[in-house]
Structure formats: structure tokens, C-alpha cells
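Chemist: After the C-alpha cells below, expect a handful of questions from me.
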Amino acid sequence: ETFLGHTSPITRCRFSASGNNIASASVDGTVRIWTYDSSIPASRNATIYCGAEIMSLDWECKSDRLLLIGTADGGIKAWNVDAKRVVCDLNTTDAFPSVLDLKCSPVEPIFVSAASSRRLGPNSIDSLGYASLTVWNMKTWKAMTVLPLGEDPPAITSLCFNHNGKILAASATDGMIHMFDMSAGLQITGWPAHDSAISSLLFGPDETSIFSLGSDGKIFEWSLQNQGRVLWSKTSSWFSEPQTSKYCRHEMALDASGRQLLATSGSVRAPIYQVQGHSNGFKTLPHSAAITTVDWHPSLPIFLTGSADNSVRVTSIL
């Protein structure tokens, strides 16, 4: 299934919690909600006009009802897919206009926003400025707390919660991984993981490890029981084309088993690595331009690729 509804490069695409719906965002300032499966009613299909470049998307974890959208001008919108309307329109402070990532807690009605003091410029992720991490209440739609990051902290590019929402991991442009205890609202640990900016971060399936993807194409799996120990690593040679970094913050996605890792690419195909395996895995079917965003279905062997050619593709590897 190839979706051709966008008019400019795709910045993010995400399966909903059930996997039934897909949200895809584009440089043109629109988010589209659609389904790839003809047996699922298209009643939630919608186009959301945000008026600014979309930098982050996240679905509410417990239901498929809410989609959070973060923009380059400090906006955070919550879209109710059943009511087909924006139910909340928040703004980060003027000092932090770029909402680089949003993550909903898997347990509580809260989400965290990672905002940066500068936009993603033409000279890549390393020039993103300072970071701000805010915890928001999804019932009142008000900011609850700002997580401490120290003085003049480098921009936070990617966030992920563990399964019970007690721990939040965050990656930064200085190559650091930070871990926060959400009940205390404090950082509990952190370590230097990359020599370059980290652009994507994911907990492993059993949460004994965490994966990080550097802007240099290096992928590490870190032990959480033995901090600082690398369990698996790969250097992706697919990052080579610099023009994609204008609208592409490279990212990765893990399948439900945690054994297959899909990464974005400067090429028309994206690599799928076998985690802990020695084989190089597969490559995705080609788009006609760079692969700018990826996601796996939450339970099935189906993945999404979004491209600078304005298309989003759903591929099954059954």
C-alpha cells in the first residue's frame, strides 16, 4: 500500500496503538490520518492543517483516540480522531519553539515534550540549541513540571518511556543518554553514548537494554544492568546523503519481537538489521528518494516508510 496524499517530504509517520490507523506528517504542515487495511472503516481519515512544519507525532498509548502533534513554531496540538477536531492547542515557551519529540506515558494521562531553542537548520541536528523537557497533564492540558537538565543543556532529540512509565529515557545532541525517574521528577543516571548527536532512542523489548542511533549512522544496544556496556552495534552506511538532513532527523524502529531494527536512510531503500544477528538482514523496497521516517506495527510484521518523495508506504514481510 502506498499513500500519496502529501505534497512535500514526509517528516514523521506512526502507527496508532492498535496498529489500525496511521498518522503521517509532512513538511507542508499537514498531518493525515488514514488506514491501509480495507477491512477497517475509514471514518477516522482526516487532514489536519497545522500551519507550521511538523517535527513530532505520538499516539496516546491506551486507545487510538488521541494524536499529539508537535510543530517547529512551539505548537502542540491534540487531535481527537473520533470527534475529528483539535481538542487542545498548547504552546511551549517562546524560548523553545521547536517541539522535537512528544511521548505519552503508557500508564498515566501525561505526556512529555522535548523542545529546543532553535529550529533544525540546514547544517544538521548538531545546531539545535538548548533543551527543555516539560511534563503535561492530558486531563487539564496544563504543564505539570519541567524535568531538570542542568545549565544550558544540549537539545533533547528523542524520548522513550519504559513499559510502566516509571522511567523516561532521553537522548541529546552532545551524545548523552539521560534516564529520569518520573515519580521523583529527577535524573537518576546518564552516560556518554556517542561522539556525535543522538537522533533516536528506543528501549529494547525486555527493557534490559536501550538502543541509540547517532547522527553518524552508528547504532548501539546498551545494557541497562551493566551501564555503559555495549551489547550489539552496527554502523549504517546508508546515511551518506547530506541533503536529507534538511528535513530528516534520522530515526529507527524495532519490530514487536525486538529482533529486527529498521532505520531511515539517505538512499531510496532503508536497511533492516537483525539485532544480535550476524546477517545483514533485508532492505526495504525502494522509494524514489531518501527514507526520512520509519515505524513498525505494534504486533504484526508490517512496517512504514516515509520518504522525501512525499509518499508513505506500508510493507508486510509475512
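Going from the start of the chain as shown, residues are counted 1 onward.
Keep in mind that glycine also has a Cβ here, set from the backbone N, Cα and C atoms.
Straight from TrEMBL, here's the annotation block:
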- 150-203: domain 'Anaphase-promoting complex subunit 4-like WD40' (DOMAIN)
- 3-44: repeat 'WD' (REPEAT)
- 191-226: repeat 'WD' (REPEAT)
- 284-318: repeat 'WD' (REPEAT)
Chemist: State the residues, same chain only, that lie 6 or more residues beyond the ends of the repeat 'WD' (284-318) and have a CB under 8 A from a CB inside it; answer 'none' if no residue qualifies.
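Modeler: Contacts with the repeat 'WD' (284-318): 1-4, 6-15, 17-19, 22, 24, 26, 36, 241, 243-244, 247-248, 251-256, 260, 262-272.
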Chemist: Near the repeat 'WD' (3-44), which residues from the same chain, at least 6 beyond its ends, have a CB less than 8 A from one of its CBs?
Modeler: 50-64, 67, 69, 71, 79, 81-82, 84, 247-248, 289, 292-300, 302, 304-314
Chemist: For the domain 'Anaphase-promoting complex subunit 4-like WD40' (150-203), provide the mean pLDDT of the predicted model.
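Modeler: A mean pLDDT of 95 is what the model gives the domain 'Anaphase-promoting complex subunit 4-like WD40' (150-203).
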